[in-house]
Every structure is written in structure tokens, then in C-alpha cells.
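Database features, via TrEMBL:
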REGION    360-380  region 'Disordered'
COMPBIAS  361-370  compositional bias 'Polar residues'
COMPBIAS  371-380  compositional bias 'Acidic residues'
DOMAIN    414-491  domain 'Recombination activating protein 2 PHD'
BINDING   Cys419, Cys423, His455, Cys458  Zn(2+) 1 binding site
BINDING   Cys446, His452, Cys478, His481  Zn(2+) 2 binding site
Amino acid sequence: MSLQMVTVGNNIALIQPGFSLMNFDGQVFFFGQKGWPKRSCPTGVFHFDIKHNHLKLKPAVFSKDSCYLPPLRYPATCTFKGNLESEKHQYIIHGGKTPNNELSDKIYIISVVCKNNKKVTFRCTEKDLVGDVPEGRYGHSIDVVYSRGKSVGVLFGGRSYIPSAQRTTEKWNSVADCLPHVFLVDFEFGCSTSYILPELQDGLSFHVSIARNDTIYILGGHSLANNIRPANLYRIRVDLPLGSPAVNCTVMPGGISVSSAILTQISNDEFVIIGGYQLENQKRMVCNIISFEDNKMEIREMETPDWTPDIKHSKTWFGSNMGNGTIFLGIPGDNKQVVSEAFYFYMLKYAEDNVNEDQKTFTNSQTSTEDPGDSTPFEDSEEFCFSAEANSFDGDDEFDTYNEDDEEDESETGYWITCCPTCDVDINTWVPFYSTELNKPAMIYCSHGDGHWVHAQCMDLAESTLIHLSEGSNKYYCNEHVQIARALQTPKRVLPLKKPPLKSLHKKGSGKIITPTKKSFLRRLFD
């Protein structure tokens, strides 16, 4: 395996622990920035363009009939083949953390509707579920299995916040293992059914999942209740007859103890596991190759890459699968240096000769990322928004507006802010004011100075006005700055008064020429 360092040309602060990568026919796209996108790039999805070990993030485009996709960190993602030709390659996204540190329970389906040399246009749809709807969570897995000509999604594991009745001010963000239930999700009809399997005793999070035909293999993971990473290996088989589905689980030998590992597929029957943790704050430097032959699974160690000293000495690392046997890795920067980046990034490639060229997308598996339990400082949920216009992403200049000083004070960056002297939004009793808000105050970005967020309610904006101002790149000034903004505007050009020419006046009855005085001229002008 080859290890190469990657430089990031722009918006390096977008890449934070918990991101996901999606591979559409060889093109990789970044999803899961740490913060709410701004209007200049409302999708929060970027083309992961790497050329000559240099990375550029270019905003992606969504079709007009797409739903809004919030930036979600630590979600469960997998590929899915639909029935239609246009849906031959889709991605399923479930759960994850929003920038407000809330957990999503929604399912989104992303597909490509248009593709040319310059840009790719996506369509995103939200799938409503009925039945046993899984609660919002993160660090779990979702996979698709195929049986008897039908398909179904399988969701397992993860973490969620403790029940509302147990949440206090001090323990508001405390999380716990989800129950070890297996959910079968029908993407066509939106039905979800929960199954309790006696072999699954712990709701493992940040495990590795591999889907093959009608079977899913669950490997490793972390249990918060016991604070262990058991060396378990589970095989979950799903049968889809005409009646009710049949789900059974088998405990298999030969598992490994690992959490937050990254999985990449190198051939139809071989997978590679990279990274992760084996103990608290102890990285797992060993790499494994997983082989399948005649429904038998074999896990063996493989030669490790030539890790750099920075990677060896760092306490944490994170990353995601780029597909085609390639992994994108990140480690924290060295704070001892005078000038240091927040993170350094590497690209780990399996030997190209061993990669199946027909394998253009990777398997249905969890996008494992850094275990938040191992990296508490990276779990802060600061509000991040970049102030560049959309065309600034196409330039060659670096652009980075992330400010580490904002991390310690979320009151200046989150939704729950005091936007003006007369702000009366109560964070404890908020009720949606507009239909566009869902469960957050509708906000608009004031363009004065460096810009700031204000509540539409406090600015007395009608919903139609809010929608109008939120479209395109219109500039808006809040009540406090509107007069300043007007004073800064260029005054309209005023045409000068047309002055009549000064003419000599002849006094009747005399041959004298009299030059009019200033007073008499003004009198004649206004009379």
C-alpha cells in the first residue's frame, strides 16, 4: 500500500472528523462539514477533486425538486441499486449529528440526475418511515441486502442521547448505546420493522459492516456500557419470502477488537480494514484483509503501510473510504509549530494492480470515522459558515474562514443567539414561527461588516420576504445596520441646475448697456 500526503487548496476547515465520502462512478464527493452551510453553497456537498496530491473542494449542485440535506456527521451511509435506470446507483444516508449537536432520525436518498464535464447535479429525497422507526443516532451502520429478487435495508447499532426524562442541564448531551435491535427498512414502501436477536447483547457503535447478497457481517465496535471493544464477529442473514422476512444471527469465531476502522473494497471478494482504535486513545496500527470464498470468511493480517512519524505519534486519526481501494486519512496538526494546520491529510492506496477495475463503487458498509469517545475536543458543535460567494470556490486562492476562537463560545455562532438589543427569542420555549423553520428560528444573514445572523422574527420579516432574501446572493441589512448601509451606498447622480447664460440688457430709451446685478438676475430667474 502506498501512503501520500495531500495538500488542501481551499476550505480546509470544512474537513472535520465525522465526514463521509460518496463515490459516484469514480467521482468522489465530500459530505458532512462541521457547521451549517451558507447561501453561497447551500448544499454542503462538495466534489472531492484530487489532482497531483492536491485537493480542491468544489460545491455540488442539487436539482430544484430536491429536499434540503443538512450536513450530518457520523451518519450511516451505503450504496443502493434502484429499479429504474436513473436509480442504478444511489446512496442511503441515515442518522448523524447536525451542527446543533442534535441527532437526525431521517433517511435521505441521493442520486445523480445530470452529469457533464463541469458539474454533477444531484437529487435528494427524504424517505418517511412508518412502523418501528429507529431513533436518531450516530456511529451506526446501514446496509442493503438482496434476497429472492427483493432488497431491504438493515440498520444496527449506534449511540443516542439518553431519554428526555433523564436529561438534566449537566447531562444534556450525554449519550448511551442504542438497544441491540436490528431494523429492516423497506425503501419502496417506507416500512420499518424491529427484530430482537438473542445473539446480539450490546448495541455496538463504530463497528465495521460488510454486506454480501443476503448476509451482513458485523465486526468489532465499541460498547459504552462496558467501555470495551469486543472481538466479536456476527453474521446476520435475511430471507425475504412472500410473507414476513426471516432474520437470524450467528456468532462466528475469528473476530478482531477494533472501533472506528475504515473499510475499503479491493476486489469482488476482498476487503481491507485500516485504522481505528483498539484501546482508549490507542490507535490500531495493524491492517487486515478480509477474504470470502464459498461463503466462508477469513480475516488475516497484512503488511502495514510505511506510516509517517506524524501518523505514528498522533493520538487520534479519522477518515473515510474513497472507493477503488483508496482511503482518505486525517490527523491533528502539531500545535507546537508556529504555523500549523488544524489537520494534515493523507491518501492511502492499495496496489493498483490488485484493484478490480470493474469495481467502481465500494460495498454497502458503514463509513467509519473517529470514535467521539476517543476525541472529545473534536466533538464541539460550533456554528461554521463561510462568507465567500459561490464563484470563490473556483479560484486558486486558498480560502479559510474557520475561526478556532469561536469554538469556546457557541452563543456567538449557534442558532440560540441574541441577535439585536430587542431580541426576545427564548431558547426554552421556542415555537416555530414560520413554516420554513422546522424546529429552529428562521434566520437571515446581515451583510454589514463581517456579517452576522439575526432572527427573522426579531426583524419583523414576513415569511415571503425571508424566502425572497434567502434566494440567490441578495444582500440584507438588519434593523440595526440598515441606516449605516444606506449611508454607505453611493449617492445617486444629480444633474446640475441649468443656468441661463448671462446676457447684456439694453435699457429702453437709452443707448446704454446695463449689466444685471446678481440680485436682479436671481429675481428674474425665479420670477
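Heads up, the Cβ atoms here are built off N, Cα and C, so glycines get one too.
Distances between the Cα of Cys458 (Zn(2+) 1 binding site) and those of the binding-site residues Cys446, His452, Cys478, His481 are shortest for Cys478. Around Cys478 (Zn(2+) 2 binding site), taking its Cβ as the centre, 21 other Cβ atoms fall within 10 Å, counting all chains.
Rounded to a whole number, the distance between the Cα atoms of Cys419 (Zn(2+) 1 binding site) and His481 (Zn(2+) 2 binding site) is 12 Å. In sequence order, Cys419, Cys420, Tyr445, Ser447, His448, Gly449, Gly451, Val454, Tyr476, Tyr477, Glu480 are the same-chain residues whose CB sits within 8 A of the CB centroid of Cys446, His452, Cys478, His481, the residues recorded for Zn(2+) 2 being left out.
For the pair Cys423 (Zn(2+) 1 binding site) and His452 (Zn(2+) 2 binding site), the Cα-Cα distance reads 14 Å. What surrounds the Zn(2+) 1 site, by Cβ distance within 8 Å of the Cβ centroid and not counting Cys419, Cys423, His455, Cys458, is the set Ile417, Thr418, Cys420, Thr422, Asp424, Val425, Pro441, Val454, Gln457, Met459 from the same chain.
A sphere of 10 angstroms centred on the C-beta of Cys419 (Zn(2+) 1 binding site) encloses 23 other C-beta atoms. Each residue contributes its Cα atom, and for Cys478 (Zn(2+) 2 binding site) and His455 (Zn(2+) 1 binding site) these two points are 9 Å apart. Each of the binding-site residues Cys423, Cys446, Cys458 was scored by the number of other CB atoms within 10 Å of its CB, and the largest score is that of Cys446.
Other C-beta atoms found within 10 angstroms of the C-beta of His455 (Zn(2+) 1 binding site) number 21, with every protein chain shown included. Taking the Cβ of His452 (Zn(2+) 2 binding site) as centre and 10 Å as the limit, one finds 18 other Cβ atoms among all the protein chains shown. Counting every protein chain shown, the number of other Cβ atoms lying within 10 Å of the Cβ of His481 (Zn(2+) 2 binding site) is 18.
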